[in-house]
Structure formats: C-alpha cells, structure tokens
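S.K.: Summarising the annotation, TrEMBL assigns region 'Disordered' to 1-21. Annotated compositional bias 'Basic and acidic residues' per TrEMBL: 1-15, in sequence order. The transmembrane segment annotation in TrEMBL covers 38-56, 62-80, 208-231, 243-264, 590-607, 613-634, 655-673, 685-704, 711-729, 741-762. As annotated by TrEMBL, domain 'P-type ATPase A' applies to 95-190.
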Amino acid sequence: MSRGLTQKEADRLASEGKLNQSPERMTRTYPQIVKGNVFTLFNLINTILLVLVLITGQISNALFYLTICANAIIGTLQEFKAKQVMDKMSLLVAAEIEVCRDGKWIVLRSDQLVPGDAIRLKNGMQIPADAVVEEGYLEVNESMLTGESKALIRKQGDLLYAGTIITSGSAECTVLHTGKDNASETIMKDARKYKPARSMLQEELQKILQVITAIIGPVGAALFLIQYFVLHLSWSEAILKTVSALVGMIPEGLVVLTSVALAVSTIRLSRNHVLVQDLYAIESLARVDVLCLDKTGTLTQGTMKVQDVIPLEDADLNHINSIMGSYVRVFSEGNATDKALHDHFAENKLYAEKDILPFSSDRKYAGLVFAGEGSFYLGAANFLFPEGIPSLNHRLEDFAAAGCRVVILAHSVEDTISKDSLPKDLEPVAMITIRDVLRPNAEKIIRYFHDQGVSLKVISGDDPRTVSALAQSAGIDRADRYVDMSQNRHRNMSGLTDFTVFGRVLPEQKKAMVKALQEQGHTVAMIGDGVNDVPALKTADVGIAMAAGSSAAKDSANIVLLTSDFGTMPDIVKEGRRVINNISRASSMYLVKTGFSVLLAVLYTIIGHQEYPFLPIHLSLISTFGVGVPTFILQMEPSFERVKGSFLSKAFRNAFPSSITVFLSAVLVSLLSDVFHMHEARADMIFVLLTCFTYLYTLYKVYYPPTKLRVGVIWTMGALILVSLILFQDVLQVQAEWIDLLIVIPGAILVPVLTAAISRAYDWTASKLKLLKRKR
C-alpha cells in the first residue's frame with residue numbers, strides 16, 4: 001500500500017483547510033449566549049424604567065431591577081455551564097491515531113489528519129475520517145450513520161465512514177475525506193443551526209410581554225400626562241407613579257421564577273448525571289406524550305449474551321461445552337458475538353487443539369481440529385450449509401423472528417482442515433442462540449411510561465422482526481405492530497404512525513416520522529446517539545442524546561444523558577413535570593399584579609383621573625412576600641401529573657378574580673379617603689394591606705388543598721408583611737393608625753367573598769361562551 005504523505009505534503013494540505021476538523025459546533029458561542037440573555041426587549045423596557053426612577057433620585061424605588069439582573073445572570077450562567085461540559089466532552093472524542101508520515105509511523109490526534117494520510121485502525125476504534133481499506137479486514141458497526149446495528153465486513157478496496165465503530169479486525173487504510181467533506185456531514189447539512197427546545201411556557205410568556213410592549217408606550221405617556229398636567233403632581237411623583245404602573249404590568253417576577261426554578265431543576269438533574277443544555281427543554285419533556293427511541297442503549301445494554309445451547313441429534317451438552325471452551329480460548333474476543341461466546345463458555349473443560357482455521361470475512365466461519373475428536377466448525381448456518389438444513393430451517397426462522405442470532409456448531413470426522421472447502425460429511429451438532437441483553441430495569445421503565453400515558457415508538461435500522469421481539473420482551477405495549485420501512489420509502493408517514501416498531505429506517509424517515517407525529521398534535525421526544533439521529537433530534541420537541549454517542553448528536557440535543565443510562569428517563573420526566581406544574585401555579589400569582597396594574601392604569605387613572613395608588617416600593621413589598629418568596633418555597637413540592645394545555649389560560653382564570661378585587665379595593669379606599677379626609681400615607685397603608693390579604697387568599701386558593709407546608713408559608717408571609725409595614729413605614733412611605741383597623745378588618749372579610757363571587761361569574765360567563773361557540 002501507499003505509505004502515506006510526507007510531513008511537507010501534510011502541512012500544505014493543512015494550510016489549505018483540509019484538516020480533519022468539524023465545522024462549527026451547533027451549540028451557541030459565549031458571546032451569543034450573553035447576547036441572548038442580556039440584550040432582550042424585556043430587559044430594554046425595564047432598563048428604561050430604571051433610568052426614569054434614578055432621575056427622580058429615589059433609589060429605594062429601583063429595587064424591581066434586581067429581579068431583571070437575576071434573570072439575565074441565571075440564564076447566562078446555566079448556558080455557560082452546559083457549554084463548558086459539552087466542550088470538554090468534545091475534546092475527549094478526538095482520539096489518537098497511528099499515522100505514517102515521511103515513511104515512519106507516528107501518533108497524532110485525529111483532528112490533525114489530512115486526505116492521503118496512511119492510518120492504522122483496529123478493534124474498538126471509532127473511524128476518524130472517511131477512508132478506504134488497503135490491507136487487512138474490519139467488521140464495522142455503521143449504526144451511527146444507518147441505524148442498523150449489524151456488523152458489516154470491510155476488506156481491501158471497501159469504504160469506511162467517519163464516526164462508525166470497528167467491532168473486530170485491523171487494517172491499514174488511506175484517508176479520503178476530512179472535516180466537512182466526510183459523508184456524515186451530508187446528514188448534518190440542515191442541522192448546523194442552533195435550535196432551542198420548543199416551549200409553550202416560553203411562547204406564552206413572550207405573548208404576555210408582546211401585548212404589554214404594545215400598550216406600555218401609549219399607556220405610560222397617558223399616565224404621566226394626566227398625573228402631571230391634570231392631577232398636578234410634581235414631575236418626580238408623576239414619573240414614580242407611572243413607573244410603578246408600568247412595572248406592575250410586567251410579570252418580571254414570573255420570568256425570574258421560571259429561570260430560577262428551571263436552573264434549580266437542572267442542578268437537581270445534574271446530580272443524576274443529566275446535562276440540560278436548554279432550560280426550557282425541561283418543560284417540553286414534561287409535556288411529552290410520545291417518546292421515540294432505538295433499541296440499542298435504551299432497551300438493551302449494547303451487549304449480547306448466549307441464551308441457549310441446543311444439542312442436535314445425539315450430541316452431548318458437556319462435550320459441546322468443552323469444544324466451545326477450547327474455541328474461545330484459541331480465538332480471542334472480537335465482536336459482540338465473540339464476547340458473548342467467551343463469557344458463556346470460558347470456564348469449561350478444554351481440549352488441546354491440533355490445527356486451527358481462523359475466522360475469515362470471506363468464509364464467515366472458523367474451525368478447529370482436536371486429536372481423536374475430528375474437526376469442528378462454528379459459523380452462520382447459511383455459510384456452513386449453503387443448501388440449507390431442512391430439519392432446522394423452520395426453527396432458524398423462528399429464532400430470527402424472536403430476535404435471536406443463531407450460530408451453528410458442526411462436526412466432521414476428518415482430522416484435517418482446509419481453508420478452501422468444507423468437509424462433505426459435515427453435520428450440525430448444536431445451535432447456539434445469542435441475543436441482545438435487555439437492561440435490568442427496562443420493563444420497569446416501560447411500565448412507568450405506559451402508566452403515565454406516554455406512547456413509545458421504537459425506530460431502528462435493524463430487522464423489524466428482531467426489534468419487535470425485543471420490544472415485546474421489554475413490555476412495550478402493541479410491540480407486535482411493526483413495519484419494514486425499507487418497503488415504505490416513499491409512503492406518507494402520517495399513515496404509519498399507528499405502528500409501534502419501525503425497522504430498517506433511514507435518517508430522513510426518522511425526521512419525517514417525528515414531523516408526522518407532531519402534525520397529529522403530539523409532543524415528541526427523540527432519544528438518539530448517532531449522526532443518523534441528528535435530523536430527528538433537531539425536529540423533535542425535545543432531543544435527548546447519550547453521552548457515549550456521536551458529538552453531532554450531543555450538540556444537537558437539548559438534554560444529554562451523561563451516563564448513557566436510559567434508566568434515568570423517569571426521573572427526568574418527573575423533575576420536568578414537578579417544576580412546570582409548580583411554575584403554572586405560580587404564574588397565577590404573578591399575573592394578578594399584571595391584571596390589576598392594567599385595570600388601575602386605564603380605568604382608575606387615565607379614565608377616572610385618580611392618582612395611581614401604588615409606588616414601586618409598595619409593589620416590591622407585595623411581590624416579595626405575596627408572590628416571590630412563597631412561590632419559590634412551594635416550587636419544591638412534588639407534582640408529577642403530565643402537563644397539558646395552555647398554562648396561560650389556567651393562570652388567567654385564577655388571577656382575573658383577584659385582579660378585579662384589588663381594583664375594587666382601590667376604588668373603595670379612594671372613596672373612604674375622600675370621605676374621611678385621610679392623609680395619602682394612611683390610605684396607602686390600608687390599600688397595601690387589602691392588596692396583600694387578596695394575595696394571601698389567592699395563594700390559598702391556587703395551592704389548594706392545604707398542607708402543613710402551604711398553611712405555614714401563608715401565615716409566615718402574612719406575619720412578615722405586617723412586620724414590614726409597621727417597622728419600615730418611612731421607607732415604604734405609609735402610615736399606620738389603629739383606627740384604620742375598622743376599615744381593614746371588614747375589608748379583609750369581604751376580600752374572599754368578593755373574589756369567590758367574581759370567580760363564579762367568570763366561570764358562568766366562560767361556560768356560556770363555550771356553549772354559544774359549539775352551537776355555531
């Protein structure tokens with residue numbers, strides 16, 4: 001063979017950009033991460049409001065901006081951490097390769113290869129670049145590209161593809177393509193762009209912010225003009241009141257709680273060796289109702305095991321075990337089949353071999369001669385007996401349908417062995433069945449998903465009968481419904497989604513299958529580890545990769561299982577559901593402020609020409625003890641039901657009655673203030689107290705039924721609010737008078753009654769509107 005390149009030739013090719021380096025990673029760069037978390041419309045609006053407050057000189061009213069900073073910092077740091085882990089993992093992938101330069105064999109990193117390099121490859125290695133075999137032979141698992149786990153023989157003149165795994169043999173090869181020219185990159189061409197997880201939560205938060213952004217300019221201008229020119233407030237008072245109304249409209253606390261809760265969730269998951277690359281992927285996984293996966297590494301351990309040794313005719317089992325013990329001693333472990341045989345037979349009594357015939361990629365069998373025993377051959381039935389074995393054909397087909405691989409042990413009385421022909425008196429003496437090893441917890445995991453209403457789709461490049469048998473043994477529901485996708489290359493996928501097992505699937509078919517499921521209204525998660533899985537990983541609502549898989553798969557995925565253990569999936573789903581269900585509850589609390597802020601700004605101040613009743617510092621107190629602290633504590637509660645539907649509609653239904661109650665409280669306090677000629681600070685104290693009580697009642701309602709923790713949180717928050725209002729009257733710009741309890745106590749009693757009445761009216765109206773819509 002050619003002895004490769006000179007160092008000068010290699011340097012010239014490297015300078016031309018021909019090094020074996022992958023194109024840009026699919027993860028975001030550090031500047032992109034900072035830009036995505038800092039330079040947002042949400043942050044811009046709040047920064048403008050901060051500047052307006054600072055102009056007035058009342059720094060205490062600028063506390064709201066701390067939550068904005070926290071949100072940006074948390075999101076940025078979490079993405080930084082995920083990127084650092086992925087970058088470290090990518091460095092580990094660049095293996096060392098024997099390369100011939102200037103006629104000498106040296107060791108280089110795989111990313112230093114160039115086209116024309118002569119390289120040595122052997123069992124267990126991942127092929128670093130597209131190459132052609134010059135000498136030797138290899139068994140190669142190309143499942144990373146094709147999805148089919150069967151080992152393929154590659155000999156002189158055959159092509160090897162970057163990213164595939166050598167399971168047996170050794171060879172000297174010549175590199176053909178490097179970097180972006182590798183065949184695997186054709187699969188990646190439409191998958192290079194960073195894709196965040198699809199998130200209904202994020203989309204609905206964006207909808208809220210978009211609506212607020214649309215109204216905040218004209219509403220803010222109207223508020224300032226009316227309070228400054230009509231109500232004759234000072235310019236600083238008018239600015240503070242306007243900023244207070246606008247800050248109240250923006251649910252910045254919900255954005256922060258979401259980021260914090262998801263970040264805490266990623267930390268909890270990291271303890272289970274799960275890397276979350278996209279915070280919102282947790283929510284997507286909580287909504288999943290279809291999980292697509294391959295059998296290898298998920299249902300199975302990726303290893304094989306001898307299931308049974310079946311003597312034929314009058315053969316003795318102990319004698320067969322001894323023959324096989326001798327075989328595995330002579331022939332070292334190679335591929336997965338060899339390892340399974342070695343593990344099963346290594347401890348048996350041995351015979352001394354007289355002659356051996358090593359396994360050949362051309363023959364597909366190996367042979368041994370023992371003194372006084374004749375010769376024995378081990379291989380596939382169709383190679384040892386090309387014309388078939390009539391008495392065994394039916395059984396062989398049954399084993400194949402059951403997901404087993406079968407090797408035949410055959411015997412001849414001849415005590416010589418030929419590499420060119422088989423003995424004419426060759427007879428089968430035993431069938432050895434070998435099958436993939438199911439994960440010990442596979443059935444438990446499958447049962448969990450079944451109980452949770454999550455459908456499983458097994459998508460594989462292997463024979464659908466074999467995959468179906470394994471899926472059935474793992475307990476997957478309706479696993480007997482399988483389809484061979486090689487016979488359905490051009491068929492519309494929407495007509496096939498009712499099947500459970502899909503065999504001989506191409507990469508583009510995996511992607512099409514995910515799309516078809518999504519078009520039918522499903523939320524789809526995809527688990528993959530190969531380059532062939534990348535298009536589907538990118539298309540799925542949430543992509544999950546195994547750490548042992550390809551770099552491309554890990555870069556594409558939203559979540560990476562660092563131990564490549566499918567058994568962690570139930571814990572990931574539970575964590576996702578817990579955090580999202582609790583965020584959904586908390587969102588009701590945050591939208592109360594948005595609701596009453598809009599009502600007060602438009603109806604109370606702009607139309608009613610009344611001074612806006614809150615200062616920013618008041619909202620900081622209410623947001624902290626009425627919403628922020630209690631929802632953060634209760635965020636840790638268990639809640640494992642599957643997330644369904646829009647969180648926004650549920651949150652609005654809980655928040656709307658309380659927002660109306662706060663608005664009516666403002667009207668009531670304003671009337672009483674005029675009647676009793678109250679000082680503004682006294683009126684503010686009464687209004688803040690009634691608003692806080694409305695929040696505590698809403699907290700009780702949203703987090704019903706009560707538990708010791710929930711009741712304890714509500715009473716503690718109530719006490720902290722009272723203590724703050726009494727001890728920090730000057731900072732909060734309120735004034736307490738005992739006589740005011742005559743208003744506060746009846747008002748506190750009225751709050752739950754009024755809120756409940758508005759809630760019933762809301763439900764009655766909503767039901768009538770639904771009825772009218774159905775009639776139409």
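Placement of Cβ uses the backbone N, Cα and C atoms for every residue, glycine included.
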S.K.: Against the transmembrane segment (613-634), which of these stretches has the most C-beta pairs under 8 Å: 208-231, 655-673, 685-704?
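M.R.: Counting Cβ pairs under 8 Å, the winner is 685-704.
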S.K.: Over the domain 'P-type ATPase A' (95-190), what is the model's average pLDDT?
M.R.: 85
S.K.: At a C-beta cut-off of under 8 Å, are there same-chain residues at least 6 beyond the transmembrane segment (711-729) that contact it? List them, or none.
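M.R.: 621, 625-626, 629-630, 633-634, 681, 685, 688-689, 692-693, 696, 699-700, 735-736.
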S.K.: Restricting to the same chain and to residues at least six past its boundaries, which positions have a Cβ under 8 Å from a Cβ of the transmembrane segment (590-607)?
M.R.: 208, 212, 215, 219, 222-223, 226-227, 241, 245-251, 253-254, 257, 613-614, 619, 622-623, 627, 631, 651-652, 655-656, 658-660, 662-663, 666-667, 670, 691, 694-695, 698
S.K.: With a Cβ cut-off under 8 Å, give me the same-chain residues at least six positions beyond the ends of the transmembrane segment (655-673) that come close to it.
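M.R.: The answer is 588-589, 591-592, 594-596, 599-600, 603-604, 610, 613, 680, 682-683, 686-687, 690-691, 694-695, 697-698, 743, 747, 751, 754-756, 758-759, 762.
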S.K.: Which range out of 38-56, 243-264, 685-704 gives the transmembrane segment (208-231) the most CB pairs under 8 Å?
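M.R.: Between the candidates 38-56, 243-264, 685-704, the best contact partner of the transmembrane segment (208-231) is 243-264.
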S.K.: Other than its close neighbours in sequence, what residues sit by the transmembrane segment (741-762), given a CB gap under 8 Å and a spacing of at least six beyond its ends?
M.R.: 653, 656-658, 660-661, 664-665, 668-669, 672, 686, 689-690, 693-694, 697-698, 701
S.K.: Would you kindly list the residues that approach the transmembrane segment (62-80) from elsewhere in its chain, counting only those six or more residues past its ends and only Cβ-Cβ distances under 8 Å?
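M.R.: Distant Cβ neighbours of the transmembrane segment (62-80) are 28, 30, 33-34, 36-38, 42-43, 46-47, 49-50, 53-54, 247, 252-253, 255-256, 259-260, 262-263, 266, 276-277, 279, 616-617, 619-620, 623.
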S.K.: What else in the chain is close to the transmembrane segment (243-264), if you only count residues 6 or more beyond its ends and a Cβ gap under 8 Å?
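M.R.: Counting only partners 6 or more residues beyond its ends, the transmembrane segment (243-264) has Cβ contacts under 8 Å with 42, 45-46, 49, 52-53, 61, 64, 67-68, 70-71, 74-75, 77-78, 201, 205, 208-209, 212, 215-216, 219-220, 223, 279-280, 282-283, 579, 582-583, 586-587, 590-591, 593-594, 596-598, 600-601, 605, 612, 614-616, 618-619, 623, 627-628, 631-632, 635.
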